[in-house]
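J.: Here it is: the structure, laid out below.
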């Protein structure tokens, strides 16, 4: 590490690398492989040595048994594996095959549920196969794998959801000799896992599934523990929540069968079940007990899944998996359709049907096929006998398997010469193809892979070793076996083309059938024949790099992580010193991101406290809000969280918890839901209501059922509400009496039954028609049994949608933003850590805050409802804005913090005489968000109340609210404050280049743990908004901003306007928000909006829409007023900002409930007007 030549010293690539493969073998990816190797290779080698010691014990007669030291794990029925991940709930038919491009396309186009892309038994690990396989999977995840072969085109289907991709890396025993690290070949397992995970984990999650793996050839739970540690390190390294990865373990060794519980336990946060790897299991049984004559098996064809030791293994696997809540997958149907012999084909397909029927009746959750033509047969059987997505409810409590059952080799059948010849034919045929680089070989209408070849040669070794006799009376000895081998090889070579590898294959095979030498695996025996290492080439030398390094200290778990950034040129003394410092730290690893030498990433100022811990990813929002170990004050010291600002009706925190509990019980019963059954997307509940004191109670009750809440705007019309209910998949709706008629009409249009509509209490008239109330449900729930607790794996909170909030954007229908539990938790933590010093400085512990803004909007939902209750504040709820009611509530409840939006603040300024009629002395601060607040407005408010602290924040639905805020110690009225802790930002110019200077405008890109999951069912918008680069995942906000220094010398964010709404005047960019803020300073302007209109001379020019101030404009003509307003701009702004498009007076400016101006509606109106006049559009 102290070398200055390259940060990747010791990493060498020995295989050739073409242009398409360079995107896989990037320096950052190789650095990740180096980290995996240096972290885990020694343990891997120790575990392989442990296998040898165990084999020696078995050879001496020490037979396997269930481990006494892990009995407590097996006998504890309370722990479970991870809940099924997205794309893995229903796995009834899985297709498997190698990773060549044609296979990848054909498999993903098959009518199956998942595709296992195999780097192991069905692939020969040539360098070209392995690295091209990575290229193909990289492209497949991104849906860019289409290609042309000759005149034939291979394209992915677009008429259906593609099967979920699962990757099987090589087993722990295999190495990849074409990449060496510190002089050693890297583990094939870590190479295959590492490259796929590094490049495609985040992309897979973005596309609705995740980084999923099949884990082969394990012999103990300690090997599963090694995989789990690799998973955790990988997830930590790329900033992915732990528990995102899923691993299905192939139980294909007989020793693993004795540790199924323990294997699931080691992987429990990542476990997606176990699989019956039948041929490898038979191979393992022969191999492990090859020295014992009482373990000799008959012909391979006689060793079916119904023989005692195989039947016991299957039953135990299903019972174990379902006890732990994970999938139990069946085995392979390896048949290939026989096109030229209908009778033979019918027999073969009948055999497939019988095998799949056995599996589904036994309780398997799915099965494997090797050929797409078998998918329909397997699907028909499983569809008929498994109408549910899986059979996790089939517990097989009738099964009681002992160690002797697993070792019962009482297998009826004979050893025949025909069986010997078939083994030779399969073994030779497969080995010859494997040496040529083909790992999946059709032989006698069966798709053979390494497992069947292993069985073939192991049986021959066993029969020779123990001198068995055939049914024909021939003794199977060395000479007999070698004679038959020569005869079969001679016959086979005649049918093979020139250049075949039969001679080499038969030479190797001969060493394995004499009962003497025995290689652990054919693949390791033959590997050197297919390696083509060239001269060592160090990982790419770079001109410069920015290092984002993580100091990660491991004990049994991650106990410390600190992250910093630095920039060094390669070869500099500074880099040498830096690396030497890191080398002195035990268990120190480098995380390397390659960047432009010049860049500018913005961070929070140094005076802002850091987050005290990573936002939790395994608890619901409610659990975090009430968890006293997560940084909040004791619950007993909290105020009543919700109080009605009209009546004073209030609930304490214990009452809210009890109401949530009872409501969740009743809602579960009414809807047929329970916390740990069905997916969250089957439990979506809409809330369409004005603010009430039960709003959050309803949301938490849905979350306790593992459901999703979609809050709807209380001003929606019937069509707008119906669109949200239908697009979200809502199956229930909670409303209030005020909005009941709209709710009923929209629910009917969306197909929600009337008995699934419930009403919350709020002051005012009773519902116009009888309907079940939330209070009714709470009374009903008080007599129902308590719900079971949610069983969440680590990382579930980061993946699971909690709220589905609709973001209008600048055009089109609103988009549904998927906001996870961790997104909300993160922003609550970020905002309160940011705001904490100001409150402490004032001596504030808890306070009354204003709950006026609509709770359906992300601003109120997170900043008021959740951040407020976490602090222990009292939220004074008001259903709508009426100036007198608003001011009266401040006076009555002594509210100290007002969370507002610019239109309300403007109303306060315009009506300052009314404000003086109320005692507002309790107010300390005004927080403005949702839209920029002009400097003039801030100044005018401070003239009325000079002691009020007016601060701004910036955020959006897609960031689960706040990105930046103003500290009371660093107020700069021009800006939206500084970045919150845990937030990074950069500014991109219109050409896609990163801005490297302050006070330079561009589009804001943001990273934060609160950045949301994406848009529901809108992949295009998700891909355009949530983007990846070498520094990770960013959200493109669409806002034009700049960073500038405040008077205190700190970096502040200034919002200029929406990128799409900027007005282009002769190449100059004019921000509508700037002109609007200036116009509001004129006494004639009550409200306004500025848009662009086309102009032949300038391209575009600004036009103002103005609501007149009635008092000022009385007796004045519109022409005179318009000219006054135009002159107001001309006297203070550059000429290209003048209102050359004119001034039009309107009755109102269209706005969203949060106060955002809906300029698109004005643009549409202007277009229609110009169209009717025949003007340029």
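The backbone N, Cα and C atoms fix where each Cβ goes, and this holds for glycine too.
I grabbed these lines from TrEMBL:
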- 10-72: domain 'Malate synthase N-terminal' (DOMAIN)
- 164-408: domain 'Malate synthase TIM barrel' (DOMAIN)
- 168: active site, proton acceptor (ACT_SITE)
- 414-530: domain 'Malate synthase C-terminal' (DOMAIN)
- 449: active site, proton donor (ACT_SITE)
- 647-1016: domain 'AMP-dependent synthetase/ligase' (DOMAIN)
- 1074-1156: domain 'AMP-binding enzyme C-terminal' (DOMAIN)
J.: Taking the domain 'Malate synthase C-terminal' (414-530) alone, what is its mean pLDDT?
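T.: The predicted confidence over the domain 'Malate synthase C-terminal' (414-530), as a mean pLDDT, is 91.
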J.: Based on DSSP, name the secondary structure state of the residue listed as 'active site, proton acceptor': helix, strand or coil.
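T.: SS state of the residue listed as 'active site, proton acceptor' = strand.
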J.: Who sits close to residue 449 (active site, proton donor): which same-chain residues at least 6 apart have their Cβ under 8 Å from its Cβ?
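T.: Sequence-distant Cβ neighbours: 121, 122, 279, 430, 439, 440, 441.
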J.: Pull the DSSP breakdown for the domain 'Malate synthase C-terminal' (414-530) and write it out as helix, strand, coil residue counts.
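T.: Computed counts for the domain 'Malate synthase C-terminal' (414-530) are 69 helix, 8 strand, 40 coil.
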J.: Excluding near sequence neighbours, so keeping only residues 6 or more apart in the same chain, what lies with its CB under 8 A of the residue listed as 'active site, proton acceptor'?
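T.: Long-range Cβ contacts: 96, 116, 117, 118, 119, 120, 213, 214, 215, 216, 250.
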